[in-house]
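Listed features, source TrEMBL:
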- 13-373: domain 'Cation/H+ exchanger transmembrane' (DOMAIN)
- 6-23: transmembrane segment (TRANSMEM)
- 30-48: transmembrane segment (TRANSMEM)
- 54-73: transmembrane segment (TRANSMEM)
- 85-107: transmembrane segment (TRANSMEM)
- 113-133: transmembrane segment (TRANSMEM)
- 145-168: transmembrane segment (TRANSMEM)
- 180-202: transmembrane segment (TRANSMEM)
- 214-232: transmembrane segment (TRANSMEM)
- 269-289: transmembrane segment (TRANSMEM)
- 295-314: transmembrane segment (TRANSMEM)
- 326-351: transmembrane segment (TRANSMEM)
- 357-376: transmembrane segment (TRANSMEM)
């Protein structure tokens, strides 16, 4: 308990120092959290060392963020976005994965490793992109809807992506392994069961809880609803963030939607900040010091390739011409799901520890680059366009 409290004090103190300073300098809150994580992590001050446990816990911030987004997204509105989600989302992920995989093969890697790396790096950061879109109130604009559609598709792509990894490994799948169609069927059945529960039971339970008149019980139930649905989704190999989004959508038509949103806001902000601190802590400066040139080239290549791909696809996403460069930069980083893919790829013996550490480092540094590039974009954009997003 004492160690937990010490770690909590360190996190809060580092955030209180780094985040206001970063915002004051114009870099934004996200970069402040990342820098705080770098300083308290094992490679600088070494104040906190259990990075994996903190990273897993802090993913609850992403879960709560997706839940709040779901609260603002009714089912009919989600259906109207099907073209963006399944059409443009699939197009973006395919283009980025193919280009990145091709580059890995040109560097001499086997097609298995190249495909794994390409798929992992084609994903963008839900936490970073959605935080930026919400902060700038762009969720209802074409740029925000396109970005959200892409990220939601990437979350749904978790099943085939994780299921593909054992096929790429050297070992043969055992007869006890579940076939892909059964995994997909279980996922659809779970989604159906959750939807029915949300439609016919949720509102009744909420009315009963509200009639008790104890605000803490209402907040506790909201947290239970989010965590329960997220865990159910994870049990059928869907991402927890997708489960939380579904939980939010099922509450979107509720009379208690605004109360839930207000109650969850403090938890979401703190846990999301903790996630970015954990990402900063996870940066392996040992790999960076051993192979600085290689790491730098890979980070520049990743961000550059994804930004160029997003820029060319932005027209299809109906993103206004004045916002295409912003849209390209916004989705140019690697995502937190790449950490999960790398861990699964190591378990399937597709890649080794050295390759996993390298890719993880590149993803983390690309996430650090995004707020810096967005700051540069805001400073330089008035020089090139007369009507630019501010």
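Easy rule for this one: first residue shown is 1, then count along the chain.
Using the three backbone atoms N, Cα and C, a Cβ is placed for every residue, glycine included.
Model, not experiment: these values are computed from the prediction.
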Cβ contacts under 8 Å made by the transmembrane segment (30-48) with residues that lie 6+ beyond its boundaries: 7, 10-11, 14-15, 17-23, 54, 128, 131-132, 273, 276-286, 367-368, 370-372
Best-contacting stretch, by C-beta pairs under 8 Å, relative to the transmembrane segment (326-351) and drawn from 85-107, 113-133, 180-202, 214-232: 113-133
Long-range Cβ neighbours of the transmembrane segment (113-133) (under 8 Å; 6 or more residues past either end): 30, 61-62, 65-66, 69, 92-93, 96-102, 104-105, 139, 143-144, 147-148, 150-151, 154-155, 161, 164-165, 168, 241, 272, 275-276, 302, 306, 330-338, 341-342, 345, 350-351, 355, 359, 362-363, 367, 370, 374
Proximity verdict for the transmembrane segment (54-73) and the transmembrane segment (180-202), three or more C-beta pairs under 8 Å: no
Stretch-level contact, the transmembrane segment (269-289) and the transmembrane segment (214-232), CB cutoff 8 A, at least 3 pairs: no
